[in-house]
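Engineer: Following this message is one structure expressed as structure tokens.
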Amino acid sequence: MGDVEKGKKIFVQKCAQCHTVEKGGKHKTGPNLHGLFGRKTGQAPGFSYTDANKNKGITWGEATLMEYLENPKKYIPGTKMIFAGIKKSAERADLIAYLKKATKE
């Protein structure tokens, strides 16, 4: 399990420009991530997803996020997420630990 505080810093630096995490948060360039864990790809209400995201058909969890966040465009070819990914697995684990906490508060 990763470090929530380190994960928050990673989120602020690499994700917050396009995503929010709080309940009722606005969609930005990317969708609000509240309720992410256990949700299928391309399903945040009110966000316009690519067909690639809608049709991927996986459920977000620690394992799927670990793989996706390493290289989003490889995991979901055709996604409009322009983020290159996080190569270090420890940093991905920290980010996932933060997301797990922040997206259900």
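Cβ atoms here come from the backbone N, Cα and C positions, even for glycine.
Swiss-Prot feature annotations, pasted as is:
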{"type": "BINDING", "residues": "Cys15, Cys18, His19, Met81", "note": "heme c binding site"}
{"type": "MOD_RES", "residues": "Gly2", "note": "N-acetylglycine"}
{"type": "MOD_RES", "residues": "Tyr49", "note": "phosphotyrosine"}
{"type": "MOD_RES", "residues": "Lys56", "note": "N6-succinyllysine"}
{"type": "MOD_RES", "residues": "Lys73", "note": "N6-succinyllysine"}
{"type": "MOD_RES", "residues": "Lys73", "note": "N6-acetyllysine"}
{"type": "MOD_RES", "residues": "Tyr98", "note": "phosphotyrosine"}
{"type": "MOD_RES", "residues": "Lys100", "note": "N6-acetyllysine"}
Engineer: Starting from the Cβ centroid of Cys15, Cys18, His19, Met81, the recorded heme c site, name every other residue in that chain with its Cβ within 8 Å, sequence order please.
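Structural biologist: Here the nearby residues are Lys14, Ala16, Gln17, Lys28, Thr29, Gly30, Leu33, Phe83.
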Engineer: Compare all C-alpha positions of Cys15, Cys18, His19, Met81, the record's heme c binders, and send over the largest distance in angstrom.
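Structural biologist: Among the residues the record ties to heme c, max Cα distance equals 11 Å.
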Engineer: Sorted by position, what residues of the same chain at least six away from Gly2 (N-acetylglycine) have a C-beta under 8 A from it?
Structural biologist: Ala90, Arg92, Ala93, Asp94, Leu95, Ile96, Ala97, Tyr98
Engineer: Give me the CA-CA distance between Cys15 (heme c binding site) and Lys56 (N6-succinyllysine), in Å, as a whole number.
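Structural biologist: Counting only the Cα atoms, the answer is 21 Å.
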Engineer: Just going by other Cβ atoms within 10 Å, which of the binding-site residues Cys15, Cys18, Met81 has the emptiest spot?
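Structural biologist: Among the binding-site residues Cys15, Cys18, Met81, the sparsest Cβ neighbourhood within 10 Å belongs to Cys18.
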Engineer: Among all protein chains shown, how many Cβ atoms are found within 10 Å of the Cβ of Tyr49 (phosphotyrosine), not counting that one?
Structural biologist: 17
Engineer: Between C-alpha atoms, which of these binding-site residues comes nearest to Lys100 (N6-acetyllysine): Cys18, His19, Met81?
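Structural biologist: Sorting the binding-site residues by distance from Lys100 (N6-acetyllysine), the top entry is His19.
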Engineer: At the Cα level, what's the spacing in Å between Lys56 (N6-succinyllysine) and His19 (heme c binding site), rounded?
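Structural biologist: It is 20 Å, counting Cα to Cα.
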Engineer: Do you know offhand how many angstrom separate Cys18 (heme c binding site) and Tyr49 (phosphotyrosine) by C-alpha?
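Structural biologist: Their Cα atoms are separated by 14 Å.
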